[in-house]
Every structure is written in structure tokens, then in C-alpha cells.
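Q: Not my notes, these are from TrEMBL:
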type: DOMAIN; residues: 42-293; note: domain 'G-protein coupled receptors family 1 profile'
type: TRANSMEM; residues: 28-50; note: transmembrane segment
type: TRANSMEM; residues: 62-88; note: transmembrane segment
type: TRANSMEM; residues: 100-121; note: transmembrane segment
type: TRANSMEM; residues: 141-164; note: transmembrane segment
type: TRANSMEM; residues: 198-230; note: transmembrane segment
type: TRANSMEM; residues: 242-262; note: transmembrane segment
type: TRANSMEM; residues: 274-295; note: transmembrane segment
Amino acid sequence: MSVFNDFALYPRFLLTGFSGLESRYGLISFPLFLVYGTSIAGNITILFIIRTEPSLHQPMYYFLSMLALTDLGLSTTTLPTMFSVFWFHSRDIPFNACLVQMYFIHVFSIIESAVLLAMAFDRFVAIREPLRYATILTNDVITGIGLAIAGRALALVFPASFLLKRLQYNAVNILSYPFCLHQDLIKTTVSSRRVSSIYGLMVVICSMGLDSVLLLLSYLLILGTVLSIASKAERVKALNTCISHVCAVLTFYTPMIGLSMIRRYGQNASPIVHVLMANVYLLVPPLMNPIVYSVKTKQIRDRILKKFKKHKV
């Protein structure tokens, strides 16, 4: 009886990499950690440039800083277990550590969704009310938006972790990915998962579902405002300010939709496909966002080149 209680209280969880390719983890780990290194370096560079350039202390770049911080958080949250699985071939993860990782993965994902929505609002205000832009999006307003974004994510995900903690699991539980996700943990439980599943669905609807609808609405309003501008050159200029943000939105939502479709309709697909899509979902946005904003945003690009030239001299 005591052994059963120990299993119930301290179940083992095993992470999964690319099944059947364990002998090639050395080769697989190189591009993975190259992605991590590029993501972390890129987002730190964005934060450094914005922090050290007074001319970039504007609402648009404050929101970009929030996005970079979120991407850093997401990268560092998944890095330990990815390193463990692909570098050290160690799949074990304690239950509490798995819950903590799951919590922060979903918190940062919800924050990223909300930050993208806030950036869409920023672009709408900049195009619709250019003369009042700085007076509408003051530092206090931006701070309030940031706190609301973080507070919503923290509050929404916490009950999900608490509900998972109360469920019963097998003595040994094999997860589908090299990190812990809510939907993956629910599949391993041996007790009723109804409440946890319903709450998880509610979290998705109230966060990313709502954000995606508001994002679409924001861009419809932006498009309507742009079309009302008389000058063609001004219309093109206004739309160009949105290109980087549109790329960031597509980079975030496309892998998420792809992973959802694979989970729902790809039961017969190879487990490698599932793991690959999960890795794309969590690794690509933090990698691509700093690249997109560095290439497409002239102010960021010019400051980065200026820093490098100064360093060479």
C-alpha cells in the first residue's frame, strides 16, 4: 500500500525526443541549440538596442521589448529539458518540475498572444491618430497594459496546474514531447480528466481565441483607416509599418494551428511529426521575431549596424 501511495504522490514522467533516432541525437542537437543560441542572442540584442537608444523609447519599441522578454522566457523555459533529452539522453523529469515547466510555457505563450494584440492596437493608434499617438499611449498606459497582460496569463494558467496536481497518474508516464504541455499531461492521468480538459479549453478560448479575434478586428480597422487616406504614398507608408507585426503574428499562430491540426487529425502520423511540430511551435517564434524586426524595422536595423561599426572601430 505504501508503494502505491509513493507512486501516486511521486509519479515518474519520461520526456520523448525523436523516437527511433536516439543514435543521431548528437547531430540533431546541434541545429536545435543553434536555434536556441540565435533566439537568445537575437532577443537580448533587441532589448539592448532599445534600452541604450533614447530615440527608441517610444510605445512601439516598448511593446517590442515585451515581445523580446516573452520570447526569452519561452526559450529559457524549454531549454533545460531539451538539453537533457538531446544532449544527455536523460528523459526523467520530476512531477513538480514538469508542472512548473508546463505553467511557464503556457504563461509565456498566452503573454505572447496578448503582446501581439497590444502591438496591433499600437499600430492602429499610430495610423488612426498620429498626432495624439504619444498622448494616448503614455508610459503609464503601456505599463498598465503590460501588467494586465502578465496578470491575465498568470491567473488563467494557475488553476490548470492546481487541477493537474489533484489528478492520479500511472507509476511511469510517457510524455509525447521533450517538454511538458497541459494537453500532454492530461492524457497520462488515470482519474477523471473532465474538469481539467474543460478548464484547459476555456483558457485557450479566453486567451488565444479571444486575442486572435481581436487581432483580426484590429487589422480590419487598420485597413479601413489606411484606405481612407487620400495619398497613395501615405497608404503604402502606413501599411509598411505593419509588415513586421504581421510576420510576427503569422510566425506565432501558424505553428500553433499546425500543432492543433496534427494533434486532432494526425493520429496516424509518425510520432516524429508530432514532436517536430511541437518544437516548431515553441522554437520558431523566439527565433524569427528578432530576425524579422531587425531586417524589416529600419530604426532597429540602423542601430544594430551602428553598434557593430562602432565596435569594429
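Cβ atoms are placed via backbone N, Cα and C, with glycine included.
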Q: Among 28-50, 198-230, 274-295, point out the range having the most Cβ pairs under 8 angstroms from the transmembrane segment (141-164).
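A: By the under-8 Å Cβ criterion, the transmembrane segment (141-164) pairs most with 198-230.
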Q: For the transmembrane segment (242-262), name the stretch out of 28-50, 62-88, 100-121, 198-230 with the most CB-CB pairs under 8 Å.
A: 100-121
Q: For the transmembrane segment (62-88) and the transmembrane segment (198-230), does the number of C-beta pairs under 8 Å, pairs 6 or more apart in sequence, reach 3 or more?
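A: These two stretches do not touch.
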